[in-house]
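K.L.:
To start, I am sharing the structure in question, which I have written as structure tokens.
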Amino acid sequence: MLDNGKITANQYKMLVLLFTIGSSILVAPTALVNDAKQDAWIATIFTIIISILLVLMYIKIYSIFPNMTLVEICELLLGKWIGKFAVALFLMYAFILSGELLREIGDFTTTQMMPDTPIDAIHIVFMGVVVMATLLGLEVIGRSSEIISLWLFILLAIYFIAILPQIKIGNLQPILGEGMKPILFGFYHFFSLPYLELIVFLMIAPFVNHQKGAEKGFLVGVIIGGILLTFVVMFSILVLGVENTARQIYPSYALARKIEIGKFFSRVEVIMAGIWFLSIFYKLTISFYAFVLGLSQLFKIKDYRPITLPISMMLIVYAIVFHPNIVHFFEFLHNIWPLYSLTIGFLFPLILLGTALMKKRQHHVRGNR
């Protein structure tokens, strides 16, 4: 262990919730509606159900190795060299995930809020805050998440209530008009972002002070986050309609722009921007923390903090260089990221769990001889 900080089960739950909402609250409606049209909300519900099974697999791995991070589990189960190779694959995923999140922050800020500001300046400022949080440690991140989650719920409540007068139920019809195939396509993309990305939480699960509470918190956080995302997708369709939602880059932000209560309450998009910045900050911080902690464990470095700043600089370079423009970013997100997430977020832990159960069974058989 390279971090002596402990978090409570409730803090773990809030981190999972914030991570689940993360970037998806802005970008998920577009991808889902492009795939499943007016049935996008059904795809989100179906995805929540499958994600529960995914989280149960993660929980099973954690229950077998409650005091070990994913990096330590890999090296124990797969041996020194294969284990290190597997760890390297996971860490590359965590690094790319962090870089994609940072790029998304830059794209949103420069296209929607501060068009005259260089994107690299946005990356540097935001990454600086993430580095500070990472250096303070997991305990501080966990404590702050409880406070931020409360404000997030308040802002979301205001957002949903303000939208209600503009909904048109007819926008959800016809239900299952094109059958199940579009819903399955929507599930495929929504499952990869954010649910398969939750594998990074196996890096911080050992730091939760109550194992059973952590397992329950993991499930509850995912379910609540999924329900909130379902509401966002549904309201986007109900107010904007299928065609407008599919055309928007950030439909939930565009939706907030339509809200105006009298002459004194407008510019509600600031609320949605606030929700998104809060949630994506925690998602990026958790992903970045998982990477630097895992890298430290891989190379047997006693403290992850000295490598935090150099890694953050590499991340900023990645975010600027890898995607030449926002179109390239969304093509990567839609075409490549789902398959990559499926490999690391599902197949990888499935192999680990299968190996663990096999070794446990062999040990049991030897013990009975």
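Residue positions begin at 1 at the first shown residue.
Cβ from N, Cα, C; glycine included.
What TrEMBL says about a protein is an automatic prediction, not a curated fact.
Annotations per TrEMBL:
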TRANSMEM  12-34  transmembrane segment
TRANSMEM  40-61  transmembrane segment
TRANSMEM  81-101  transmembrane segment
TRANSMEM  121-141  transmembrane segment
TRANSMEM  148-167  transmembrane segment
TRANSMEM  187-205  transmembrane segment
TRANSMEM  217-242  transmembrane segment
TRANSMEM  270-295  transmembrane segment
TRANSMEM  307-330  transmembrane segment
TRANSMEM  336-358  transmembrane segment
K.L.:
Return the stretch with the most CB pairs under 8 A relative to the transmembrane segment (12-34), choosing among 121-141, 217-242, 307-330, 336-358.
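P.N.:
That would be 217-242.
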K.L.:
Report yes or no: does the transmembrane segment (121-141) come within contact of the transmembrane segment (40-61), defined as 3 or more CB pairs under 8 Å with a sequence separation of 6 or more?
P.N.:
no
K.L.:
Return yes if the transmembrane segment (270-295) and the transmembrane segment (336-358) have at least 3 CB pairs under 8 Å (sequence gap of 6 or more), otherwise no.
P.N.:
no
K.L.:
Please determine whether the transmembrane segment (217-242) and the transmembrane segment (307-330) are in contact (criterion: at least three Cβ-Cβ distances under 8 Å, sequence separation 6 or more).
P.N.:
no
K.L.:
Restricting to the same chain and to residues at least six past its boundaries, which positions have a Cβ under 8 Å from a Cβ of the transmembrane segment (336-358)?
P.N.:
54, 57-58, 60-61, 64-65, 73-74, 77-78, 86, 89-90, 93, 96, 100, 188-189, 191-193, 195-199, 202
K.L.:
If you count Cβ pairs under 8 Å, which stretch among 81-101, 148-167, 307-330 touches the transmembrane segment (187-205) the most?
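P.N.:
The stretch with the most close Cβ contacts to the transmembrane segment (187-205) is 81-101.
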K.L.:
Near the transmembrane segment (81-101), which same-chain residues lie under 8 Å Cβ to Cβ, leaving out any that are not at least 6 residues past its ends?
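P.N.:
For the transmembrane segment (81-101), the list is 22-23, 70-71, 74-75, 197, 199-200, 203, 280, 283-284, 287-288, 290-291, 294-295, 297-298, 315, 318-319, 322, 329, 332-333, 337, 340-341, 344, 348.
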